[in-house]
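Chemist: Shown below is the structure under consideration.
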Amino acid sequence: MKCELTDAVNGKPRVPVLNDQTLPKYLQSRRLENVVDKNINNEIKIFSGTGNFMLSQEIAKYMGLNLGNIRIKRFADGEIYVQLQESVRGCDVYLVQPSCPPANENLMELLIMIDACRRASAKNITAVIPYFGYARADRKTQGRESISAKLVANLITEAGADRVLACDIHSGQSMGYFDIPVDHVYCQICSGDLVVVSPDVGGVARARAFAKKLSDAPLAIVDKRRSGHNVAEVMNLIGDVKGKVAVMLDDMIDTAGTIAKGADLLHDVGAREVYACSTHAVFSPPAIERLSSGLFHEVIVTNTLPVSEENYFPQLTVLSVANLMGETIRRVHDDCSVSSIFQ
């Protein structure tokens with residue numbers, strides 16, 4: 001989604017200000033206070049976990065609603081306590097909570113929030129998961145491995161969720177692990193003349209779809225081999241990037257090992273500029289050092305995960321997905337098409 005960025009303040013990136021001029025036409029029709037009819041205000045409620053409270057606020061603002069009152073605390077031994085501070089009986093409830101670090105605590109918090117809503121007689125419970133953790137363990141690549149994506153899907157379902165709304169899941173097959181409906185939305189960051197680069201073979205489908213949106217831009221693929229988790233070794237490049245602007249596209253940046261080695265390869269074969277685009281800014285150490293080393297002209301991410309101030313660096317641009325998530329929630333609630341957003 002193309003957004004207009006405000007100027008940087010003290011060298012720090014700013015989340016774009018969304019207004020009627022920067023929003024696509026399909027998002028302008030129901031903006032802020034006009035988004036939700038007064039008769040619906042008593043039927044739809046949005047609650048936020050502690051994982052990404054600022055994004056939850058932006059989503060609620062887009063829909064012209066206030067966040068629901070909820071009490072979340074930790075006991076001395078780390079156990080999580082959740083209590084809804086208002087009635088949700090007969091309401092459609094949307095719980096916004098990514099499984100960002102600390103992943104296990106945020107996932108458990110989501111499960112307890114779902115349970116609280118179910119026991120409070122909510123009509124429908126939708127888990128809004130901007131970042132779906134454990135999605136990388138979606139298949140067995142070696143013997144005696146767990147498939148954690150399926151386990152987490154089962155936990156969310158058994159907790160009582162009726163529906164899941166997720167953004168840029170690591171692989172599409174993870175949607176099949178749920179026995180409840182899944183709405184999968186994804187981010188699109190537009191640019192000019194370029195070549196789209198997939199950092200690995202597994203991301204080719206995502207990169208091809210992105211390239212198609214950019215007037216069928218050419219596609220290149222980095223062939224890599226992994227010697228272990230979070231350890232990548234780039235082998236060679238399939239495609240031509242010499243003298244071109246290369247955009248490396250991935251669903252997440254964790255330690256940035258894969259994308260940094262890929263960028264180094266692109267420079268070696270003659271790319272004019274290298275950009276990195278990713279939905280989820282996990283940014284585990286030493287990601288910041290790798291991303292700010294001068295390999296990238298710009299690193300573009302979204303706020304599906306909160307980006308802490310200490311992780312800002314000059315090349316970083318953060319875009320908001322609040323309008324995308326809010327519009328999807330509205331369409332789910334109104335039984336309208338979600339896929340038409342991307343057409």
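Just so it is clear, glycine is given a Cβ too, placed from its N, Cα and C backbone atoms.
Straight out of TrEMBL:
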DOMAIN    44-160  domain 'Ribose-phosphate pyrophosphokinase N-terminal'
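If you look at the structure here, what lies around each of the features I listed?
Modeler: Shown for the domain 'Ribose-phosphate pyrophosphokinase N-terminal' (44-160): DSSP residue counts in helix, strand and coil, namely 39 helix, 28 strand, 50 coil.
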Chemist: Express the predicted model's confidence over the domain 'Ribose-phosphate pyrophosphokinase N-terminal' (44-160) as a mean pLDDT, rounded to an integer.
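Modeler: Averaging the confidence scores along the domain 'Ribose-phosphate pyrophosphokinase N-terminal' (44-160) gives 95.
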